[in-house]
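*Asks:* Pulled these from Swiss-Prot:
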{"type": "DISULFID", "residues": "CYS36-CYS116", "note": "disulfide bond"}
{"type": "SITE", "residues": "ARG63", "note": "site 'Transition state stabilizer'"}
{"type": "BINDING", "residues": "ASP68, VAL71, GLY73, ASP75, SER77", "note": "Ca(2+) 1 binding site"}
{"type": "DISULFID", "residues": "CYS69-CYS74", "note": "disulfide bond"}
{"type": "CARBOHYD", "residues": "ASN81", "note": "N-linked glycosylation site"}
{"type": "DISULFID", "residues": "CYS122-CYS317", "note": "disulfide bond"}
{"type": "BINDING", "residues": "PRO164", "note": "substrate binding site"}
{"type": "CARBOHYD", "residues": "ASN172", "note": "N-linked glycosylation site"}
{"type": "BINDING", "residues": "HIS194", "note": "heme b binding site"}
{"type": "BINDING", "residues": "THR195, ASP241, THR244, ASP249", "note": "Ca(2+) 2 binding site"}
{"type": "DISULFID", "residues": "CYS201-CYS226", "note": "disulfide bond"}
{"type": "CARBOHYD", "residues": "ASN210", "note": "N-linked glycosylation site"}
Amino acid sequence: MASSSFTSLSVMVLLCLAAAAVASAQLSPTFYSRSCPRALATIKAAVTAAVAQEARMGASLLRLHFHDCFVQGCDGSVLLNDTATFTGEQTANPNVGSIRGFGVVDNIKAQVEAVCPGVVSCADILAVAARDSVVALGGPSWRVLLGRRDSTTASLALANSDLPAPSLDLANLTAAFAKKRLSRTDLVALSGAHTIGLAQCKNFRAHIYNDTNVNAAFATLRRANCPAAAGNGDGNLAPLDTATPTAFDNAYYTNLLAQRGLLHSDQQLFNGGATDGLVRTYASTPRRFSRDFAAAMIRMGNISPLTGTQGQIRRACSRVN
């Protein structure tokens with residue numbers, strides 16, 4: 001009986017893996033080449049303009065894609081406002097008060113709808129906008145696989161449980177990424193997104209006041225704008241990369257070598273553990289970082305997409321049709 005149950009479970013697991021592989025296989029970089037040939041150019045122009053107006057927006061759009069893919073897969077669920085039937089993801093602890101860029105996404109969606117209504121999903125817009133944001137700030141490019149569809153619901157609970165917290169140690173970070181079938185290399189490469197953007201005091205306070213693996217001068221610098229008492233200056237911002245905060249480069253890793261990682265989770269990548277070697281490699285070989293980051297972004301973009309007739313193509317990204 002136990003053997004029969006085990007066999008049935010194995011078959012179910014294989015079927016789930018096969019379904020995931022099929023969904024990813026349905027994505028294609030040329031998905032809109034006939035149905036909306038101007039889609040990618042329209043998105044790129046809007047992203048480039050938004051980042052030129054505010055460099056931080058590049059990091060915000062990249063983060064939106066990451067926070068979308070880690071909850072229910074890359075399905076645009078992070079963009080949904082609360083409704084009478086579900087509470088969205090925007091008020092989850094990792095998102096509340098910090099996730100941003102919705103107005104830019106709405107603007108992009110409106111421009112794309114004007115070109116080809118009802119064709120391009122919000123999930124795909126996030127994926128393309130993330131790539132174009134990185135490029136606009138001097139980072140690598142990659143071919144974005146397309147054909148995702150939009151979810152009709154969101155999950156506050158999954159956003160709270162599945163988005164990696166800045167307080168995680170290396171073991172838990174590795175587990176959080178493994179849950180999404182991302183490797184340790186993916187973890188270290190994708191963390192390099194912290195070469196741009198800002199973080200709130202409440203998310204790095206414990207690191208600069210309590211941790212021992214932090215450069216003393218760096219801790220003093222950050223404490224000037226982040227009081228020790230919780231509730232005091234929680235929303236004060238600091239750059240994740242003090243060296244080149246608006247350039248997408250490999251300075252994040254050189255910062256880690258000097259124990260100048262802003263978040264506890266950042267410095268965990270270079271703290272005497274299994275990822276130290278990869279951090280050193282990325283710090284010394286920017287081309288390797290760019291290559292691995294691009295590959296990891298493609299893999300992350302393949303997390304549980306809705307394809308075919310699943311979900312819908314939202315007319316407005318903040319609500320279901």
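Here the Cβ of each residue, glycine as well, is placed from N, Cα and C on the backbone.
Give me the local environment of each listed feature.
*Replies:* Around the Cβ of CYS116 (disulfide bond), a 10 Å sphere holds 15 further Cβ atoms from the protein chains shown.
According to DSSP, ARG63 (site 'Transition state stabilizer') sits within a helical segment. The local packing around ARG63 (site 'Transition state stabilizer'), expressed as other Cβ atoms within 10 Å of its Cβ over all shown chains, amounts to 23.
For ASP75 (Ca(2+) 1 binding site), other Cβ atoms within 10 Å of its Cβ number 28.
Residue environment of CYS69 (disulfide bond) contains 28 other Cβ atoms, counted within 10 Å of its Cβ in all protein chains.
ASN81 (N-linked glycosylation site) has a Cβ environment of 14 other Cβ atoms inside 10 Å.
DSSP classifies CYS122 (disulfide bond) as helix under the three-state reduction.
In the three-state DSSP reading, PRO164 (substrate binding site) counts as coil.
Same-chain residues at least 6 positions away in sequence with a Cβ under 8 Å from that of ASN172 (N-linked glycosylation site) are, in sequence order, PRO164.
Other C-beta atoms found within 10 angstroms of the C-beta of HIS194 (heme b binding site) number 23, with every protein chain shown included. DSSP assigns HIS194 (heme b binding site) to a helix in the three-state reduction.
Residue environment of THR195 (Ca(2+) 2 binding site) contains 29 other Cβ atoms, counted within 10 Å of its Cβ in all protein chains.
There are 20 other CB atoms within 10 A of the CB of CYS201 (disulfide bond), with all protein chains counted.
In the three-state DSSP classification, ASN210 (N-linked glycosylation site) falls within a helix. The Cβ of ASN210 (N-linked glycosylation site) has 10 other Cβ atoms within 10 Å, all protein chains considered.
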*Asks:* Find, for the listed disulfide-bonded residues CYS36, CYS74, CYS122, CYS226, CYS317, the residue with the lowest Cβ contact count at a 10 Å cut-off, counting only other Cβ atoms.
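*Replies:* Among the disulfide-bonded residues CYS36, CYS74, CYS122, CYS226, CYS317, the lowest count of other Cβ atoms within 10 Å belongs to CYS36.
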*Asks:* How would DSSP class CYS226 (disulfide bond) in three states?
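*Replies:* Reduced to three states, the DSSP call for CYS226 (disulfide bond) is coil.
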*Asks:* Taking every protein chain shown into account, which of the binding-site residues SER77, THR244 has the largest tally of Cβ atoms within 10 Å of its Cβ?
*Replies:* SER77
*Asks:* So around the Ca(2+) 2 site, THR195, ASP241, THR244, ASP249 aside, which residues have their CB within 8 A of the centroid of those CB atoms?
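*Replies:* What remains near the Cβ centre is ILE196, ALA243, PRO245, ALA247, PHE248, ASN250, ALA251, TYR252.
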*Asks:* Can you tell which of ASP68, ASP241, ASP249 has the least company, meaning the fewest other C-beta atoms within 10 angstroms of its C-beta, among these binding-site residues?
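*Replies:* Counting other Cβ atoms within 10 Å of each of the binding-site residues ASP68, ASP241, ASP249 gives the minimum at ASP249.
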*Asks:* Inside 8 A of the center formed by the CB atoms of ASP68, VAL71, GLY73, ASP75, SER77, which other residues of the chain have their CB, for the recorded Ca(2+) 1 site?
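*Replies:* Other same-chain residues with Cβ inside the cutoff are CYS69, PHE70, GLN72, CYS74, GLY76, VAL78, GLU89, ALA123, SER151, ALA154, SER304.
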*Asks:* Distance check, please: Cα of CYS116 (disulfide bond) against Cα of ASN210 (N-linked glycosylation site), rounded to an integer number of angstrom.
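*Replies:* Cα-Cα distance, CYS116 (disulfide bond) to ASN210 (N-linked glycosylation site): 53 Å.
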